[in-house]
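Participant: Sharing a structure with you now.
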Amino acid sequence: MLLITEILIINFFAATDLVQLYIVYEASLIPMVIMIGVWGSRTEKKIAAFQILIYTLIGSIFMLMSIGLLYSTLGTTDYILIREYIEVLPENVRKIIFIGFFIGFAVKIPIAPLHLWLLRAHVEAPTAGSVLLAGILLKLGGYGYIRYNIGLFPDLCEYYFPIIGGICLISILYTGIATLTQLDVKRIVAYSSISHMNVIVLGLFSGVLQGLEGGIILMIGHGIVSGGLFLCIGVIYDRCKTRILYAYNNLVHMMPIMAILFFLLVLGNIAFPITSNFVGELLIFIGLIKKNIIIAFFSALSMIITAIYSFWLYNRIFFVNEIITREANEGIQMEVNKMTIKEGGINKKVTEGEIIGELEYPQYIKKESMKYSDVNIFEFVSIGLMVILMLIVGMKPSLVEGYIAINCLELISK
């Protein structure tokens, strides 16, 4: 499945014909749907796979409409020819095509309210699926914006930026605040991923060189950091057999190496200096300040919210003491006991380890109940490579910036 996905993604990035683009864009769904539907880790994996299919197919209808409109007016689906003659189209036609591409790729980013499929997909997906989804598949939307919205319609990006900026700000603030209410650690990272991807969209559509460069660098950094966080959560779940936040207790004593790796990735998630996300977000905010100071101010709030829930997540997993954890568990039990299951007309009280929908009452994690005490060599290398890449890009951003600067200048000059 991973090999098939890789082939489809390479074809998407290399596509020079819009029909080829549409085919591989749709086909890239199939491996992920199978991966979640067959190897998913929870009871609602088939629903998650179905949601991915429906959301993406509905979004791609708008993209197909834009491709059809381009073909009917220009007589070709070749990207090079379309880019050369796109200016001859009437303004209203160009706006319709722009909106169609924007909605089609907005599902893949995703931008609220088109984000619901991603939350369920991450919760139900196996660890490899979550890493692939956060690290690569979401970037198809960002690349689509760069090549087909910004590359073909730079003037309309300027025209629609206030609307796009407002939508992204709502999405950023909503997902950031919603993260603080979650109990499932995978949902927390999934919400964080949505927030970061919307910051990327702001940078890409800012029309400023620094914003565009920052958006591309943050896409790289987000893929590294979010992928690493999902790997860490997968390792912790393998030991503790639960992802409910309040189930964990002082894991720093049981998994000290994991605590260090997780902390470094949390620093990357909050865009701490010398990490890849810092470079990307700094450039984006410089671009937004040049573009619109109000949007820049409210988008900067995302950094504060991200720091709050990231350190809160880390503290709850690795440093919460036994008294706090037991009190929290008692609070959860009181809330869960209000929910009942009717079996044969009889209300059934919820007990430890039982699942109500997506909420599983967690048993208190103790060292003797864990299969291993810390990461093994394979897990250490996998997560460690993510950390090293994050630090390399953060300390030496010119390694990637040099490759994207020329193309960004070309886009901005239009």
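Note that Cβ sites are derived from N, Cα and C of the backbone, with glycine treated the same way.
Per Swiss-Prot, the features are:
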| type | residues | note |
| --- | --- | --- |
| TRANSMEM | 18-38 | transmembrane segment |
| TRANSMEM | 47-67 | transmembrane segment |
| TRANSMEM | 96-116 | transmembrane segment |
| TRANSMEM | 126-146 | transmembrane segment |
| TRANSMEM | 160-180 | transmembrane segment |
| TRANSMEM | 188-208 | transmembrane segment |
| TRANSMEM | 216-236 | transmembrane segment |
| TRANSMEM | 254-274 | transmembrane segment |
| TRANSMEM | 293-313 | transmembrane segment |
| TRANSMEM | 375-395 | transmembrane segment |
Participant: Three or more CB pairs closer than 8 Å, sequence separation of 6 or more: does that hold for the transmembrane segment (96-116) against the transmembrane segment (160-180)?
Facilitator: yes
Participant: Within the same chain, where does the transmembrane segment (293-313) have neighbours whose Cβ lies under 8 angstroms from its own Cβ atoms, ignoring anything closer than 6 residues to its ends? I mean 6 or more beyond.
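Facilitator: Residues packing against the transmembrane segment (293-313) from afar: 165, 168-169, 172-173, 176-177, 179-180, 185, 188, 192, 195-196, 199, 202, 245, 266, 269-271, 281, 284-285.
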Participant: Which residues of the chain, 6 or more past the ends of the transmembrane segment (375-395), have a CB below 8 A from one of its CBs?
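Facilitator: The answer is 217, 220-221, 224-225, 227-228, 231-232, 235, 255, 257-258, 261, 264-265, 268, 273-279.
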